[in-house]
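The domain 'Beta-ketoacyl-[acyl-carrier-protein] synthase III N-terminal' annotation in TrEMBL covers 110-188. The feature active site is assigned by TrEMBL to C116, H256, N286. For 240-329, the entry in TrEMBL reads domain 'Beta-ketoacyl-[acyl-carrier-protein] synthase III C-terminal'. Among the features that TrEMBL reports, region 'ACP-binding' is placed at 257-261.
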Amino acid sequence: MNKLRPVGVIGTGKYVPEKILTNKDLEAIVETSDEWIVSRTGIQERHIAAPDQATSDLAYEAAIKALKSAGMKAEDLDLIIIATVTPDMAFPSTACILQDKLGAKGAAAFDLSAACSGFVYGLATATSFIKTGIYNNALIIGVDCLSRITDYTDRNTCVLFGDGAGAVVIGEVPEGRGFQSFDLGAEGAGGGLLKLEAGGSRLPASADTIENKQHYIYMNGREVFKFAVRVMGTATVDVLEKAGLTKDDIDLFVPHQANIRIIQSAMQRLDLPEEKVVINVNKYANTSAASIPLALVEAAEEGRMKEGDRILMVGFGGGLTWGASVLVW
Ligand code: UT7
């Protein structure tokens, strides 16, 4: 992959809705406690989209900032990929809705469905387009409004999720920088562990699907936890090997923010000190496709990476899927 032109991040932006839902707020809604949520997940609060905000609205805010930071106009974009499992609607795609809102007239646009791994899948897809010369640049946004598909009577899931968007513009970068490797994978056999069953061609929306709460996230938390710990380890090893690097070469680790305990187990395996790990699950909870870009962009805004730093992103999620990448900043 490195024989082709180097492709990396040239602009970043993020957005979270204003409204904050704290653990204390949730104590008033379901049988839970701040102590349980913090000790089992590390989450303290999450942001929730306003009633009139849809996924494309969150994406728009992050996109505007990413374009500004790249010094680009929307018309300059060749490609828009939105990674999400909560599109505004089934179709048109949220990417097409955003293309119109931005006025990105020259851009191809599509949505990508790989749940929490979607952003890394999107980076790999767009990088391939640019490396092969089909396009020169792309806007990739990981964005989800999980609050819209969360059952706020189910304490097993409702404490875990939040809304947000993280965006990057990618394009050609100087030699030696940019994406060094990707490791994407799927285990479809585990799909039933984390799903939203109804509203598609298998189970179209009906009074029954509403009655049975099949328009909400279902998750077998314990099994997904085991999968997560396993693939965070294997994907990290594989993506480092593909880049010809070892764990000691990594300056910043940007993991999917689902549960602090999953992040800590990866830190232990890699023997990484906390200052090399981006953690914001406490503020945003699990924002699905937005999780890795929110962490990446926040770290960039806080000045945590400098030119030439090696960054390892790794995530896992519904599908089941995983995705990892090594990026030289
Ligand atoms: O983005 C990808 C997706 N998801 C994930 O990465 C999630 C992976 N899984 C997890 O993070 C964890 O499995 C959870 C946070 C979901 C659950 O933590 P756990 O330590 O695996 O708890 P558990 O499922 O073993 O449940 C322990 C107990 C249960 O009670 P019993 O059956 O032992 O009496 C639950 O009913 O905790 C109970 N419980 C709660 N108690 C208070 C579950 N949710 C809550 C809650 N408040 N919100």
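Using N, Cα and C of the backbone, Cβ positions are placed for all residues, glycine too.
Automatic, uncurated: that is what TrEMBL annotation is.
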Between H256 (active site) and C116 (active site), what is the CA-CA distance rounded to a whole number of Å?
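Counting only the Cα atoms, the answer is 7 Å.
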May I ask you to report the DSSP-based helix, strand or coil state of C116 (active site)?
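Its secondary structure by DSSP: helix.
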What whole-number Å value do you get for the CA-CA distance of C116 (active site) and N286 (active site)?
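Just about 9 Å between their Cα atoms.
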Going by DSSP, give the three-state secondary structure for N286 (active site).
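Assignment for N286 (active site) reads strand.
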Can you check how the pLDDT averages out over the domain 'Beta-ketoacyl-[acyl-carrier-protein] synthase III N-terminal' (110-188)?
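Its mean pLDDT is 98.
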Measure the Cβ-based neighbour count of N286 (active site), defined as the other Cβ atoms within 10 Å of its Cβ.
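23, counting other Cβ atoms within 10 Å of N286 (active site).
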